[in-house]
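What Swiss-Prot says about this one:
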- 1-21: transmembrane segment (TRANSMEM)
- 56-76: transmembrane segment (TRANSMEM)
- 81-101: transmembrane segment (TRANSMEM)
- 109-129: transmembrane segment (TRANSMEM)
- 133-153: transmembrane segment (TRANSMEM)
- 168-188: transmembrane segment (TRANSMEM)
- 200-220: transmembrane segment (TRANSMEM)
- 252-272: transmembrane segment (TRANSMEM)
- 279-299: transmembrane segment (TRANSMEM)
- 301-321: transmembrane segment (TRANSMEM)
- 334-354: transmembrane segment (TRANSMEM)
Amino acid sequence: MDILIFVTAAAHLVYTPFTKVEESFNLQAMHDILYLRNNFTQYDHHDYPGVVPRTFIGPLVVSIISAPFVLLFETLSINKFWAQYVVRLVLAGAISVAWNSLRQAVTKIYGVEVRLWFTAITITQFHFMFYMTRPLPNIFALPIVLFAIAYWLRDQHKPFIICSGISILVFRSELALFLGILLVVSLLRRKVSIDGLLKVALPAGVCILAATVLVDSFFWRRLLWPEGEVLWYNTVLNKSSNWGTSPFLWYFYSALPRAMGASLVLVPIGVALEPRIRPLVLSALLFVLLYSILPHKELRFIIYVFPVLNIAAACACQRIWMNSAKSTWHSFLALACGAHLLLNVFITLFLLVISGTNYPGGAALSRLHRLEAGTSNVSVHISNLAAQSGVSRFMEINNEWTYSKDETMNYTQADLVAYTHLLVEAKNKQNTELWASLQNEFDTLEFIDCFNSIGIQYNSLLPVRIKTKPCIGILKKRPVAPKEASKTKEKIAKTKTYPVEKETLLAPVKEFPKVIGDPKMKSRLQVDADDDDGIVSTVEEMSLELETDTEPHAGAETIETPLKEINFQELRTLALGQATKKSRAATKMKIRQIIEQHYRAKGKQIENDSAETQKTQGKAGLRQSVKSIIKQEKIKEMIEQIATMDLTRICDLERTSTKDCLKQVIDKIDDSEGLKSK
């Protein structure tokens, strides 16, 4: 039965594979460690740091264990969404090992029968099994706490103190209450002395604190003790209440009944019948009582006490079952103990079905991947609700797609130009006008439902019904005729003033797939400076449409656009395919600006020559203007070529700036394509 706990947790994971915003830091951290590796500047936490910093130690350990599986997936070209299963199963495996250690301690103290009941009760409850695969700070602390409790039951106080220190200083500072109470009990029972405590606690505490400060300061780029900042924010400043408050006794009348299910009624019976369990259970309940002082409450905050209470319930079941032959009443009670497990299973199935409707964002992006399978150059914007309810970097499985979680999105016409698809909150009273405007340009492919409420149905075998409502809409931009597109661009140009660093006179760049290890990519990174064929990549010919809005504005040649400096590392990261979607777009925008600026500098002479030619040659001058427009269209191809080059093979970057090197490359490509005006 030992493997059952892991298998049950895995079943919960398969049914609910997505995650919520509370899990995002650890999940994104594991993704970045596994896929971005030493490209630390592109890690997700730099763009989305969260309210308080969290430790990287948990994600780092899980990622190290998961790395061989992820490398195998990459070798077999298995998309990285399956790697999310791997890291979460590794976390569940760690908890299973720790839980098994606790189970062995229970066997040694209370007997084999209690162990069997303990296992049966645990796997039939919902919340403990469900949270085993959730990458939350509390869950990273859970296996260490289970080891600590097991050591405490065995009176092995040195490893108990070390495990307590790790869980408190690295993961969850509030565990000082629970594990501190257990330590006080040991001191009062004289199972450990103060001298012995200090000899272990002081050096262990210093080493543990130094480890978390060293590791996390490196990843966060500042001197940092993450759990110290969390403690200050939640406890001293009491700002955790910004995320909601609950009544003082909420843990007792809401969290514990839901987590324990029918087993809760057996806990006091177990405490009454088994004196040896009382110190542990009372310590756990005292921890819950003290922790109730903080107004912000969540069930996962007290998940560490569930196994302790289950031991008490198992003791009750064992005593009742052992006496089942004494009388009819005892037989009935024994039958009730077995039946309560079946009731737990029904509660678990009901809660699991509800839980499956709580991740509309993940379901929406997964559905979009199926709907648009085989479609390239997709740019999808992920709304805030979608990002908080299931979307993670593990779901960015298509290298030809652009995934954006831009929080400044206002859904204006200018904002929507960049996107082909939207995951947007479904229509409600607050966003009626938004949906009215979106339906002018986008078609609704599907709606993804999420949990709404629980209803009662009297004319059905199942009296309880789970009600859902549309939460996320999947939208796709309608194809636009060239003339309409031209009018739209003119309208946008009149109504919106672009920031200087985003200003452009050209159509948006099409995204091309970037695959690390692609032979074509490698050949591009190894070109020589005098090899025109190497510099000029073979790209698919783009259709060239002469649009009325491609002509520069009057006086444009006199304006020198200020640029954010582009550096070699940005280009190198882009060429190797290691850049994030956000940084890749920013780097390409800088390349585009340099090309436009360089062309404007050359374009003055071209325009003057063209004007003189038109006076003398008429139609020949007109053909020259057409060539100039075609040249502007070719810039889109040029950006893609530059994005795959290794500039160290072309320029001496110790003597030449990156910007000047890019200008040399532009001229080289320009010459090879025959685009220069003659």
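Here, residue 1 is simply the first one shown, and the rest follow in order.
Keep in mind that glycine also has a Cβ here, set from the backbone N, Cα and C atoms.
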Same-chain residue ranges lying at least 6 outside the transmembrane segment (168-188) that approach it to Cβ under 8 Å: 55, 57-58, 137-138, 140-141, 144-145, 148-149, 152, 155, 157, 160-161, 194, 197, 205, 208-209, 211-212, 227-228, 230-231, 235, 279-280, 283-284, 286-287, 290-291, 301, 304-305
Query: Quick one: do the transmembrane segment (301-321) and the transmembrane segment (133-153) have at least 3 Cβ pairs under 8 Å, skipping pairs fewer than 6 apart in sequence?
result: yes
- line: Contact count check, CB pairs under 8 angstroms to the transmembrane segment (200-220), set 56-76, 109-129, 252-272; argmax is 56-76
Field: Beyond the flanks of the transmembrane segment (109-129) by at least 6 residues, Cβ under 8 Å
entry: 1-2, 4-5, 8-9, 12, 99, 103, 153, 258-261, 263, 274, 276-277, 299, 303, 306-307, 310-311, 313-315, 317-318, 321-322, 337, 341, 344-345, 347-348, 351-352
Message: Three or more CB pairs closer than 8 Å, sequence separation of 6 or more: does that hold for the transmembrane segment (56-76) against the transmembrane segment (133-153)?
response: yes
- prompt: Looking only at residues six or more beyond either end of the transmembrane segment (252-272), which have a C-beta under 8 A from one in the stretch?
  reply: 121, 124-128, 246, 278, 281-282, 288, 292, 297, 299, 302-303, 306, 309-317, 319-320, 337, 340, 343-344, 347-348, 351
Contacting positions for the transmembrane segment (1-21) when only residues 6+ beyond its ends and CB under 8 Å are counted: 27, 84-85, 88-89, 92-93, 95-96, 99-100, 103, 116, 119-120, 122-123, 129-130, 132-135, 352, 355-356, 358-359, 361-363, 387-392
